Amino acid sequence: MANRVMNEPTGAAQDLKRVSILSQVRRKVAATWHQSQIGHRSEYSVERLLAFQDYHERTSVSRAIAVCALSPIPALLAALAIDCIPLKAPSDGWQANYAVWIRLFLAMGTEAFGVVCQMRAVIDPGTISNICSAVISIGTAACSVLSFVLLAVLWRFPVPFGYVLAINPFVIFFSLFTVLVVGPRVLIQCPTSRKQFKAQFIIIVNQGIVAICYPIFSAIFNGLSGIQQTAFIFVMPIIKFFTKQNIANAAKNYHEYVAPVVVFSVDLFNVYYVAICMQSSKSIATTLIIMATDGFHVILALRDIFHRNNSVHTSESSIDNTQYYLRDLPRVLQKACQDETAKFNHRIRLYAPFPLPLSIRSRDFMNEFSKTSKFANDTATTRRCSTKTAMKRNSGIEPARSASKKSAPTFSSLKEHEIVPTTLWQSKKFSLEASRSGNISEKDVLESLQTLFHSEYVLLAEYIEFMVPILYSLYLSVLFHLPIAAYYPHSASMTIEKLQDTVTNILIYAVIEFASFGALLVLLKRKFGFSPLYQLAFVLETQASALQGHLFTSTASSSTFHGAFGAFADARDDCVAWPHELHDLAFLRTAQMPAEDAAASLFDLDAVVAANGLALVSSVEQVAH
């Protein structure tokens, strides 16, 4: 009897221990999942919040819509212009096919120019001038094409696995020309520049890996049966997840800038190849799974956004609820800073990693905050400093400068350029009526800034989801009427009826995604009180140079290289393409090569690309040290 009484507490203790272990595992899994979500990785800085507020006040709805609608057009026109170059039969040999090398030079030059635009947006202004940008782009394209010509002469034409082989020299030549143009001495003597270039080179290498992964997936997908395609489509979210993690980890020091970098590096490729897979899909279930997967991520994102702390929301009937996030959040932050009893753990960043255009009023507000010593970065000395960017902005908009904790700079000489917003604040200092109902902690403000960042990330991803299928259907319609269509695997045997069916299916997908995007706008407006379309236009316009660079790079590599050269392989009797639509520069002239061997070769070359790029980054760092 006594033994049984003694065993009861022991059994209870074991049950409690098991519950404790399960709880710990559950918390670790939840924490890992939370950290893996890109929308949770950062938050708005105060500078970005004020820059967005200024943009919202001075921008009309029509301008915001025009920015969102027209941003992808230049890259699409560039791809179509390159596709207008006619090609000859591959049986004529590499010398007669000089148009191939012209096309390749223009495409790689466009890609290199896009990558240069990305780099110039995140390094010190003036480090890479316009002339230097041209030298890097032309030099990279010329050397990459020459290496390809040499390979065709020494090996065979068309070149097998051309896309994979083209990525490797492109990354190497681009990195070398960039280092030579900037100057090794600059990288040696300036730790900040060395750190900036190292991070950017790592991102470029990861973008190259992304550009290889999706064509490989698409190539395997097109060779499968309907049921096999339905099962294999689950691999695409896995590729998307891990490539996003790589890009996000490489860009972790970019803070709120990580969202557009990830979306335009990974989501853009993902959506493009989703459209291609839908074009060749043999089962409606595959298309439904693609849509369901995207919808699942949107629902999770909205759930996180709407479950954030709402402490900064006002409940007073006298305060108009419109625009409360943009109007009231700075007021609440100011009150928290003025409260001597409020505890700040320096978790909120004052300055953005890269300068943003600010009005004179917002600059004064930043200077006031910089003297409180309550932020993670009270000075802008650790970020990219701009002296030229502001002059290219709209009149009266200037980037915020760092302010000394002892004295703040005056801007009286710039008053004549000050923009008068359409919605005036009640005074130079923010009104505190909106937050008088209670004390606001640093955590409350931080969660609100994190919510704005998450909202921006979801908006960009959903924007890409519906915009890319529309552009691809337009691209396919134009391509069908060009002579080069005969050399594209997906359009070589296409009839007008097949074209109409394909475009219709893609546009149905785009309409569904657009409806999802519209619902997202409505829900986020209920959350924030302002139209999220402004937030999307704010990102696309204020970071236009970098994002256009991403668009040009991805469009050139995905559209211009998509299968035109691979079709050469199909046109030859002694060529066996693996499978029929290996995209981009896939010169598969490997007769009687099994699909498994071809796949292994592609993945081996993928590893070579990563190894060479990372080795180059490492060597640059070693030279600097």
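Using the three backbone atoms N, Cα and C, a Cβ is placed for every residue, glycine included.
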Query - transmembrane segment per TrEMBL - which of 282-302, 534-554 - result: 282-302
Query raised in the report: Can you name the far-off residues of the same chain, 6+ from the ends of the transmembrane segment (282-302), with a Cβ under 8 Å from a Cβ of it?
Result: 37, 39, 225-227, 229-230, 233-234, 236-237, 274, 454, 457-458, 461-462, 465, 505, 509, 512-513, 516, 520, 523
Query raised in the report: Ranking 64-82, 199-217, 254-276, 466-486 by Cβ pairs under 8 Å to the transmembrane segment (506-524), which is first?
Result: 466-486
